[in-house]
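Please read the structure below before turning to the comments.
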Amino acid sequence: MGSTESSEGRRVSFGVDEEERVRVLQGVRLSENVVNRMKEPSSPPPAPTSSTFGLQDGNLRAPHKESTLPRSGSSGGQQPSGMKEGVKRYEQEHAAIQDKLFQVAKREREAATKHSKASLPTGEGSISHEEQKSVRLARELESREAELRRRDTFYKEQLERIERKNAEMYKLSSEQFHEAASKMESTIKPRRVEPVCSGLQAQILHCYRDRPHEVLLCSDLVKAYQRCVSAAHKG
């Protein structure tokens with residue numbers, strides 16, 4: 001909030017207590033611009049701001065700031081406008097420094113916390129939730145694979161047993177069929193079959209070969225052959 005000259009003239013050191021409040025450990029030095037304004041002939045130089053610090057129970061205690069504002073001569077006149085402006089600017093710059101130091105200290109503390117968490121070793125007792133989930137899923141997968149292997153073995157055994165049983169049944173059925181067929185053949189007597197009217201059949205074939213263009217001349221033989229076949233069926 002101050003000018004470039006005032007920002008270059010400040011030198012402070014700071015610390016952060018347990019409530020993350022910024023404590024100035026060494027006093028703030030006024031900038032050259034503020035000092036020059038306070039050295040004007042109409043106003044005496046301001047008294048430096050003193051800060052007292054102490055330790056209480058091993059922790060930092062808030063600084064007790066005692067500011068002695070410059071007064072005019074023994075006559076008790078009003079403070080000059082230049083001095084008021086310098087004090088006001090000093091207070092504004094001091095507040096800006098406090099805020100900036102607080103932000104820097106907060107970022108450093110967050111970075112240190114993240115670094116300490118990242119550097120912690122992971123032991124057997126501190127397995128993360130994702131690792132526990134992975135272990136559980138791996139065990140479930142192994143259990144399912146074992147169950148599938150057991151079922152596969154069971155089904156293969158059942159299939160082999162069914163195939164053996166079917167082969168035995170086929171063999172038994174084939175033996176029974178051949179045995180029944182043999183018995184049936186033994187009960188049936190063979191019958192001799194002779195051609196009917198074989199003489200007339202030979203004459204008809206000879207007539208057709210000799211007279212291919214006069215087949216009507218063979219009609220008498222055909223009629224005789226038909227009568228012979230009818231008589232054989234009746235007899």
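Each residue, glycine too, has its Cβ placed from N, Cα and C.
As recorded in Swiss-Prot:
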- 129-176: coiled coil (COILED)
- Cys197-Cys228: disulfide bond (DISULFID)
- Cys207-Cys218: disulfide bond (DISULFID)
- 194-235: domain 'CHCH' (DOMAIN)
- Gly2: N-myristoyl glycine (LIPID)
- Ser13: phosphoserine (MOD_RES)
- Ser31: phosphoserine (MOD_RES)
- 31-90: region 'Disordered' (REGION)
- 106-132: region 'Disordered' (REGION)
- 197-207: motif 'Cx9C motif 1' (MOTIF)
- 218-228: motif 'Cx9C motif 2' (MOTIF)
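When other Cβ atoms within 10 Å of the Cβ of Cys218 (disulfide bond) are tallied across all protein chains shown, the result is 18. All chains included, 15 other C-beta atoms sit within 10 angstroms of the C-beta of Cys228 (disulfide bond). In terms of DSSP helix, strand and coil, the motif 'Cx9C motif 1' (197-207) has 10 helix, 0 strand, 1 coil. In the three-state DSSP reading, Cys218 (disulfide bond) counts as helix.
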